[in-house]
Amino acid sequence: ISGYSLVVQARDSGTPPLSSSVTVNVDISDVNDNSPVFTPANYTAVIQENKPVGTSILQLVVTDKDSFHNGPPFTFTILTGNEEEEFTLDPHGVLRSAVIFKHMVSTEYVLCVQAKDSGKPQQVSHTYVQVRVIEESIHKPTAIPLEIFIVTMEDDFPGGVIGKIHATDQDVYDILTYTLKSEQKSLFKVNSHDGKIIALGGLDNGKYVLNVSVSDGRFQVPIDVVVHVEQLLQEMLQNTVTIRFENVSPEDFVGLHMHGFRRTLRNAVLSQKQDSLHIISIQPVAGSSQLDMLFAVQMHSGGFYKPAYLIQKLTNARRHLENVIRISAILEKNCSGLDCQEQHCEQSLSIDSHSLMTYSTARISFVCPRFYRNVRCMC
């Protein structure tokens with residue numbers, strides 16, 4: 001308990017008795033009676049041979065139960081095991097290499113490290129750090145090519161995470177880092193630690209080939225990353241058709257079915273090869289395992305096919321389409337299931353271009369805006 005607040009009253013013996021109160025605050029000052037605590041109690045770490053001087057090996061973690069003025073900052077000292085000064089320990093508790101290690105010279109070091117707190121008198125604790133020197137990388141990293149599709153409204157892309165590079169390395173202790181060629185950093189960024197790809201705002205329509213590489217510190221391997229950006233036209237939203245799939249997640253649809261279904265759908269609804277199929281968005285149906293896909297078809301001349309025409313085409317080809325993935329419904333005018341007495345309703349579709357959904361797998365990523373459907377009876 002760091003303090004008490006007491007209310008003390010004094011009352012006299014007169015008639016009537018009179019009284020007065022005063023508040024007495026009692027602060028309990030901390031005594032430095034707790035030593036720093038290492039977590040875990042002892043450490044093991046590895047470093048590959050031939051790593052450059054200054055390579056980070058380990059981060060020490062220390063806590064103290066005393067109040068802040070009796071705890072950090074801590075003073076770290078290597079007491080034993082560093083007689084040849086192969087290691088340095090910075091004020092933040094990061095153990096780094098001070099030489100270039102060779103596996104043939106020594107394979108193991110055991111350091112005794114002391115942490116001292118800032119109290120008076122100071123309290124100390126000790127931990128042991130075992131550092132193993134292992135051979136340098138012998139295997140190159142391997143990475144899966146990534147293709148990213150971004151659908152956005154005209155000149156209204158807010159930016160965000162659009163996918164993630166998946167890379168592995170057979171060398172167990174290799175730490176992979178990702179880099180992007182500098183001239184592309186005005187449009188994209190790559191997280192150097194986890195390979196997430198971030199697109200900045202304002203992407204134009206078109207195809208972008210990113211110069212990304214992954215490194216294990218010895219080998220650097222290029223990765224094929226292609227980004228396709230498609231800007232929606234407002235007229236598309238007025239001519240959309242919804243296909244509702246049964247028992248499929250967005251990630252499974254993107255990773256397993258989207259390419260095949262797109263190809264089958266093109267064959268089913270396109271009247272001419274020059275027509276263009278546009279997948280506008282995919283979105284789970286709330287409270288179910290169903291998935292809605294919005295699409296529109298643009299004619300070679302520039303206009304769009306009407307939904308009624310597309311639905312007729314889909315209905316005729318439904319059995320063929322279901323060879324790829326099970327279809328729950330083809331939503332006419334997007335208002336199927338609405339309880340209208342006259343079976344007539346009016347719907348409007350709105351796109352939230354600032355609320356992007358990213359469905360990503362190891363090989364393909366699909367980024368699209370969230371959509372909302374408003375339906376009302378015309379009874």
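The backbone N, Cα and C atoms fix where each Cβ goes, glycine too.
Lifted from TrEMBL, the feature list:
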- 4-38: domain 'Cadherin' (DOMAIN)
- 39-143: domain 'Cadherin' (DOMAIN)
- 154-245: domain 'Cadherin' (DOMAIN)
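Per-class residue totals from DSSP over the domain 'Cadherin' (4-38), listed helix then strand then coil: 0 helix, 19 strand, 16 coil. Averaged across the domain 'Cadherin' (154-245), pLDDT for the predicted model comes to 89.
Counted with DSSP, the domain 'Cadherin' (154-245) comes out as 7 helix, 46 strand, 39 coil.
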